[in-house]
Amino acid sequence: MAKRIDVSGLTAYYSSHKAIEDISMTVEPRSVTAFIGPSGCGKSTFLRTLNRMHEVTPGGRVEGKVLLDDENLYGKDVDPVAVRRTVGMVFQRPNPFPTMSIFDNVAAGLRLNGSYKKNQLADVVEKSLKGANLWNEVKDRLNKPGSGLSGGQQQRLCIARAIAVEPDVLLMDEPCSALDPISTLAIEDLIGELKERFTIVIVTHNMQQAARVSDRTAFFNLAAVGQPGRLIEIDETERIFSNPSVQATEDYISGRFG
Amino acid sequence: MASITTNTPPPPAAPAPALRRKSTGRAGDKVFLGLSRGSGILLLVLMASIAIFLSVRAGMAISKDEGNFLTTFDWDPAAQKPVFGIAVLLFGTVVSSIIAMVIAVPIAVGIALFISHYAPRKLAAPLAYVVDLLAAVPSIIYGIWGALVLVPYLEGLNSWLDEYLGWTYVFEKTEVGVARSLFTVGILLAIMILPIVTSVSREVFLQVPRMNEEAALALGATRWEVIRMSVLPFGRSGIISASMLGLGRALGETMAVATVLSPSYLISLHLLNPGGGTFAQNIAAKFDEANQLGRDALIASGLVLFVLTLLVNGAARLIIARRKEYSGANA
């Protein structure tokens, strides 16, 4: 059930420091949207406002609106816990639960929701691991700890854990930056398959990666250190990388800064 | 851990004079090596001499014991036929420590979680400080407070327990008298070990990697579910170590127990009845007036306490090691 994200006038703070200012954009369902930009431009912060993880950081707060289809994630009666159950997230460093087995890691989200039948659990775990292209590598050791896998396998385990609860949106915060090239390729292939079912937003430092996996690309920048990050432009990936409409984007893409 | 290999050029056949010159840090290295090795050896020597001292004196005493050192319910080494046994002391020590652990560990873990994960920062720091301060109160103060405040105060609780839980036998009070019982000692010990268990657990909970907690949060976990999924599993071995530190203190506590307990050389499962004894309390009470054999007998009981502590620590290490594969350490 991929959903569209509509952001308007979003500003996020860390205590009194304004990290991103006045961001508006639309993220299309069943597509991959990549966020690129220099370090500190607020692209990760922005990503974390999309599942209300930003406010978990002490002092973090948000102004503005994020509509998921028609529902405002920052609406008055919205429970952030419920938001995070429909907007999944994959982190920069693989973070499987170290004390849980591979099976339990994937089942963790379902068990939290409590809405499953005992015999369904094994099916969902198998389906999710297959969905994350990990099933063949782990099917004989589902009861071994997840922390015994390689980094790339752990990251795919985290993806399996995130998609097991069938979220509407999947957020990925530099999911390949801690991985070797072969594992990176495996994750990128996987993203291509997952976009058939989910709305995917990926933050990446690797511009080739953005060009390879995404349909649309958003470029973020900041005027100076200490200034809030802003969205410079968002467009079809092909256009951003061939003929962007803003000079700063072209300068960044062609390696003149950042 | 990724290992990095670099191509180092082969060392030149004849090193330049600069490379042969002794670096100035050498003297410091040698002094430090000597100091640290010396301290290590000193520690081993100390441990060995304590063990030897205890064993030799204990052996001398036990060989003269006319009763059974493990099962006799009597302590009279000064008699014509000296009899003494540690059964009562072992019972009293273990029971009072178990009561202390059962009460203190859940409360301590709760306080530690509150300080590390629930309390607003402005409250957490002073609260942590106050808990640490409690650890600095000398045990004799706890003893006096226990005898003057806790004992009278507990009489109400005791009669309540007797009335409603008396059928369990354990909480049946069959003797009249003030609450100078093993149960009271257990409560007092629980208060005394609370700070150490709390502060060690708190330190461990604060070390849970941020990314482990965010993993649970991002799946839609509530604060309690984050604690259950990420914090407690990660902190498990830390809680065990903290409890063992507390247990060590509870097993060996002397002054507070001696002040509160009205000792008797009996084993009774009616924990609310006054009486009983612990190793440390018994040694403190009888050492001054004991003759040579009496002192050796007390040392023998001290050796049993020493062994008991070692066993408890060993068991804790086993528990921690058994689930190492799943511990947070190899994340």
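Yeah, the Cβs are placed from backbone N, Cα and C, and that goes for glycine too.
Annotations in TrEMBL come from automatic prediction, not curation.
Residues annotated as region 'Disordered' in TrEMBL: B:1-22.
What TrEMBL records for B:40-62 (among others) is transmembrane segment. Cβ atoms under 8 Å from those of the transmembrane segment (B:40-62) belong to residues 69, 77, 84, 293, 295-297, 299-300, 302-303, 306 of the same chain, restricted to positions at least 6 beyond its ends.
According to TrEMBL, the feature transmembrane segment maps to B:82-115 (among others).
Here TrEMBL flags B:90-316 as domain 'ABC transmembrane type-1'.
Sequence annotations record features per position, and here TrEMBL assigns transmembrane segment to B:127-154 (among others).
Here TrEMBL flags B:181-201 (among others) as transmembrane segment.
Long-range contacts of the transmembrane segment (B:250-272) within the same chain, counting only residues at least 6 positions beyond its ends with a Cβ under 8 Å from a Cβ of the stretch, are 73-75, 87-88, 91-93, 95-97, 99-101, 139-140, 142-144, 146-147, 150-151, 158, 161-162, 169-175, 177-186, 188-189, 192-193, 278-285, 305, 308-309, 312. For B:250-272 (among others), the entry in TrEMBL reads transmembrane segment.
Among the features that TrEMBL reports, transmembrane segment is placed at B:297-320 (among others).
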For the transmembrane segment (B:181-201), name the stretch out of B:82-115, B:127-154, B:297-320 with the most CB-CB pairs under 8 Å.
B:82-115
Checking distant contacts: for the transmembrane segment (B:127-154), what same-chain residues at least six beyond its ends satisfy Cβ-Cβ under 8 A?
111, 114-115, 119, 178-180, 183-184, 187-188, 191-192, 194-196, 198-199, 202, 253-260
